[in-house]
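Noted in TrEMBL for the protein shown:
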type	residues	note
ACT_SITE	Glu142	active site
BINDING	Cys99, His141, His145	Fe cation binding site
Amino acid sequence: MAILDILHRGDPKLEIRARLVTDFDKTLRTIVSDMWETMHESEGVGLAATQVGIDLQLVVFGMESSSRYPDSESIPYTVLINPTVEPLGDDLEEEWEGCLSIPGLRGLVPRYSQIRYSGVDIDGKPFECEAAGFHARVVQHECDHLLGILYPERMENPQELVAEEDLEDIT
């Protein structure tokens, strides 16, 4: 296992649309293992393959608790490959988000409050799940990476990014 370098905002590799995963082999298992290790080492709750320079439709996410999101509910540890995300209704919630590719900053991002996501697992087995709240937000955030979208592009006013250390004064 290895800690991978996380790309930062401004790197053109973060702007690409990831390609479908077609090979469910040992190489994929190594990538997933390295992504888990990188996510945990970085205290993240999710990581997209494109954030570590890998052009594949692959995200990992999950947490029991998080120092970065202490008030958020736990999320099952999940490997999601070739995902699709469908909103369940029109309700949007605006909450603060951060990103390992934009260290030290947070922004208010509107996201669907309830979604259904589907894809395949590490063995290529299809699955589907419904999510709400923080779980839904994390899935949407990570899947945006696979489309080359960073969260400031979803903000109503991207100029309103806030330093993490100033967030307590605002909320």
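Glycine too: its Cβ is placed from the backbone N, Cα and C atoms.
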### Query
Which residues, sitting 6 or more apart from His145 (Fe cation binding site) on the same chain, put a CB under 8 Å from its CB?
Leu14, Ala18, Ala48, Thr50, Gln51, Val59, Ser101
### Query
In DSSP terms, helix, strand or coil for His141 (Fe cation binding site)?
helix
### Task
Calculate the distance in Å between the alpha carbons (Cα) of Cys99 (Fe cation binding site) and Glu142 (active site), and round it to a whole number.
9
### Task
Could you list the residues of the same chain, at least six apart in sequence, whose Cβ is under 8 A from the Cβ of His141 (Fe cation binding site)?
Gly46, Glu97, Cys99, Val109, Arg111, Tyr151
### Query
Around Glu142 (active site), which residues of its chain at least 6 apart sit with Cβ under 8 Å of its Cβ?
Gly46, Leu47, Ala48, Val59, Phe61, Leu80
